[in-house]
Amino acid sequence: MTAITEIATALRAGQKPKFADHADSPAYAAELDAKDPVRHLRNEFIIPTRQMINRKSLGPLPSTVDAQDAQPEHALYFCGNSLGLQPTTVGEYVRAQLATWASIGVKGHFNALDPATTPLPAWQDMAAQCAKQMAPLVGAASADEVVAMNTLTVNLHLMMASFYRPTATRHKIIAEWKPFPSDSYALESQIQWHGLDVATSLIELQPDENLYISTESVLATIDEHAAETALLLLPGIQYYTGQLFDVQRITAHARSKGIVVGWDLAHAVGNVELQLHDWDVDFAVWCTYKYLNAGPGSIAGAFVHQRHGKVEPKSTTANGKTPPQSQDGKDDLDVDVRHAGFAYQPRLSGWYGGDLSVRFTMAKTFQPTPGAQGFQLSNPSAIDLASLSGALAVYDKTDMHTLRNKSLALTAYAEKLLDGILQDALSHDAAAAPPFRIITPANPAERGAQLSILLRDGNVLAALAAAMDEADIVMDQRKPNVVRFAPVPLYNTFADVLKVVSVLRRVILS
Ligand SMILES: Cc1ncc(COP(=O)(O)O)c(C=O)c1O
C-alpha cells in the first residue's frame, strides 16, 4: 500500500490521517508525490508555465512533459472547480474532428473512418460514445442512462420540464439556501412558468451557523413538506461551502415520500464517487468544464434513471388507459402517454431525441430513443463532443476510486497545512480571533476536493489576490472574503499544495 492509499484508507474509515511530523517540508511533499499512484496522469495535461499564464498574446505551447518536469516554471493552477486544465487528448480529438469534416464533409455524419487513424466514430455516434465514457463516472447502470447534450442550465430546465409537474396539492420544490445563481433562476422561473408563487412553492434548506446543512435537517424538512412537495433539487457538492451531501440517504428518504429527486452534480462529477443508478436518483445534470476538463462552456451531461427512459407501445399500458399524471402516487412518473403509439415520460422534444430507426425518416410523430438519449433536442456540435470525448479519455486511464483516494489525501494534506497557519496565529496572539476558518466540512466523507476558506478580514482577500498573482497561483476567489482551494488529483501535486499554503501563510500571518 502506498502512503497515499494508507492515508486515504484511514480517511475513508473516519480516522485521522497520519502525516509525518515534517509534513510542511518540501522533502515530505516530494516523497508523497513520488509515491502517488496516479502521478503519471499529470502528463496528460498541458500545465501552463508561469510565462504562459501571464500571456497577452497567443504563443506556442510547450511540450507537456517538459512543462511538467520544469517544476519551478509552471503556474500553480488550483481552479479545477471552475475550469479544469486542458488534456492533450482534447487537441488530438478536436483536430481529428476538423480533419474529418475537411476530408469527407457531410459523410462524416454516418461514415466512421478507420479507427487506426482517428479516435472518433461517425459524428452520429459521438454522443453515445461520450455517454459510455461518462457512465462509470456517475455510476449509471449503462450508457443508456446518460446523455451528453446542451449545457448545464439548459439541461436543468429540460429535466424540470419533464419531472417537475406540480399539482394543486403537490407543487413545492425543496432546494437549499444558496444554490448557484443559475440554479436559483431556473428553479424560480420554473415555478413561475407554472403560474405558481415562489414564496409558497420554494422551500429553502437553511444551514447552521457554520454554513453546514446536516442530513438530519434535510430529512426533517422533507418530512415537514412531504405531502406538498413535487421535487427535491440539491447540489451533490455545494459550490460555495464545498459540502458533499449524502446523495444516497437523501434520495431514498425523499423518494419514499413520493418526491421526485434531481441533483446538480456540477461540482461532484469527476470529483467524488457516485452511484446514481443504485441510489435510485430520478435525474441529475452536470457540466463538463470543471473536473471533467472538456473546456469552457463545453457540452454538458445528464442522467435519467432507466425507469424513466422506457419507451413502450401504448397498448402495453393497462387497457390502453392513460396512466395518472399527478405526482401523488409513487409510480405515475414511470410511463406516461403523450403520443399516438408510444408511452414514455413526457418531455420537451426535438428530432435528436428521436429513435435512430426513425430519426432520418422525417416522421411527424415523435418516437423517442429509449433512455436518457431520448431527451436530446438538437443535432449536437461534433467539435463539442470531440472535446468532451478527448477529455474523458483521461478517465479511461484510471477509475474514480483511485482518483478519490489521491483526492482525499491531497485535500487532507492541504487542510493539515492550513491548520498549521491557524496554530501559528494562535501562538502569536492567543486572544485574537482566528484569521480564517474552513467552512467546508472537516469530515472527508462530506466534502470533495475543495476547501472553502472564509477570511475573517475581507481586506486580506485583496492582499492575498495580489500575492497569488505575484506567485502565479490561479485560485478562485468569491468576494467579499472566500477563497476556494481545490487540489485536483489528476494534475495537482503535494509539492504544489505546499507552495500555495506557504503564500497563504505569509499573507495571512503578516
Ligand atoms: C452548481 C452550478 N450550477 C450551474 C452552473 C451554471 O452552468 P452553465 O453556465 O454551464 O449552465 C454552474 C457553473 O459553474 C454551477 O457551478
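Glycine too: its Cβ is placed from the backbone N, Cα and C atoms.
When TrEMBL records L152, T153, F180, P181, S182, D183, D264, H267, Y289, W351 as binding pyridoxal 5'-phosphate, the matching candidate from N111, N379 it lists for that site is N379.
Straight-line distance linking the Cα atoms of F180 (pyridoxal 5'-phosphate binding site) and K290 (N6-(pyridoxal phosphate)lysine), rounded to a whole number, equals 14 Å. Taking a Cβ cut-off of under 6 Å from any atom of ligand 1, the recorded positions F180, S182, Y289, K290, N379 reduce to F180, S182. Spacing of K290 (N6-(pyridoxal phosphate)lysine) relative to L152 (pyridoxal 5'-phosphate binding site) is 12 Å (Cα to Cα, whole number).
For the domain 'Aminotransferase class V' (127-296), the model gives a mean pLDDT of 98. The binding-site residues under consideration are F180, Y289. Their Cβ neighbour counts within 10 Å are lowest for F180.
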